[in-house]
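S.K.: Okay, so Swiss-Prot annotates it like this:
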- 22: active site, proton acceptor (ACT_SITE)
- 17, 68, 70, 116: tRNA binding site (BINDING)
- 12: site 'Discriminates between blocked and unblocked aminoacyl-tRNA' (SITE)
- 95: site 'Stabilizes the basic form of H active site to accept a proton' (SITE)
């Protein structure tokens, strides 16, 4: 059984960024909210959109920070501190350049891999890297100098469909995580082939 109490979807705020690759984490949390039948509402105390939900029989908080990506830790830290949620009870969903569209993987701990949202969360959790991640593949533009424009751009329709399909599978794997355990959820998600 999972001990996850907070699920975070990283994003940049506003309509301008809503459909950009960098917001893949928020797409996952929005889909979880839809499955639970809850609406995320703005909460200035936590600098984000939040909801309390019963997810597969467990009480969890959903959070999409409304800070810019590089300040995500302000939101995550505020909510985690208020509800006394430990880093190993947090799952952060984020876009992942090092995996192609249609691939997603759960992971515990690790560095930030250059992801500014993760970097700020680690800093605001007193440098504790021991939180879970859901890495949602968006692919890489091929050249480091193109990364910023790439993550802030919209995926072509074929890639977008693959990202949406793997997010749907990640939601199904989250059910396995909550009803069984992380290793079974990992096996399910990591063996999934989109398309």
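Cβ atoms are placed via backbone N, Cα and C, with glycine included.
How about a rundown of where these features are and what they're close to?
M.R.: DSSP gives residue 22 (active site, proton acceptor) a helix state.
Residue 68 (tRNA binding site) has a Cβ environment of 16 other Cβ atoms inside 10 Å.
According to DSSP, residue 12 (site 'Discriminates between blocked and unblocked aminoacyl-tRNA') sits in a coil region rather than a helix or strand. Around residue 12 (site 'Discriminates between blocked and unblocked aminoacyl-tRNA'), the same-chain residues six or more apart in sequence whose CB sits under 8 Å from its CB are 20, 22, 23, 68, 69, 152, listed in sequence order.
Listed in sequence order, the residues of the same chain lying 6 or more apart from residue 95 (site 'Stabilizes the basic form of H active site to accept a proton') and placing their CB within less than 8 Å of its CB are 10, 21, 22, 23, 24, 25, 115, 136, 138, 151.
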S.K.: Centre the Cβ atoms of 17, 68, 70, 116, go out 8 Å, and tell me which other residues of that chain have a Cβ in range of the tRNA site.
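M.R.: Leaving out the recorded residues gives 12, 22, 67, 69, 71, 72, 117.
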S.K.: Around residue 70 (tRNA binding site), how many other C-beta atoms are within 10 angstroms of its C-beta?
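M.R.: Within a 10 Å radius of the Cβ of residue 70 (tRNA binding site) lie 13 other Cβ atoms.
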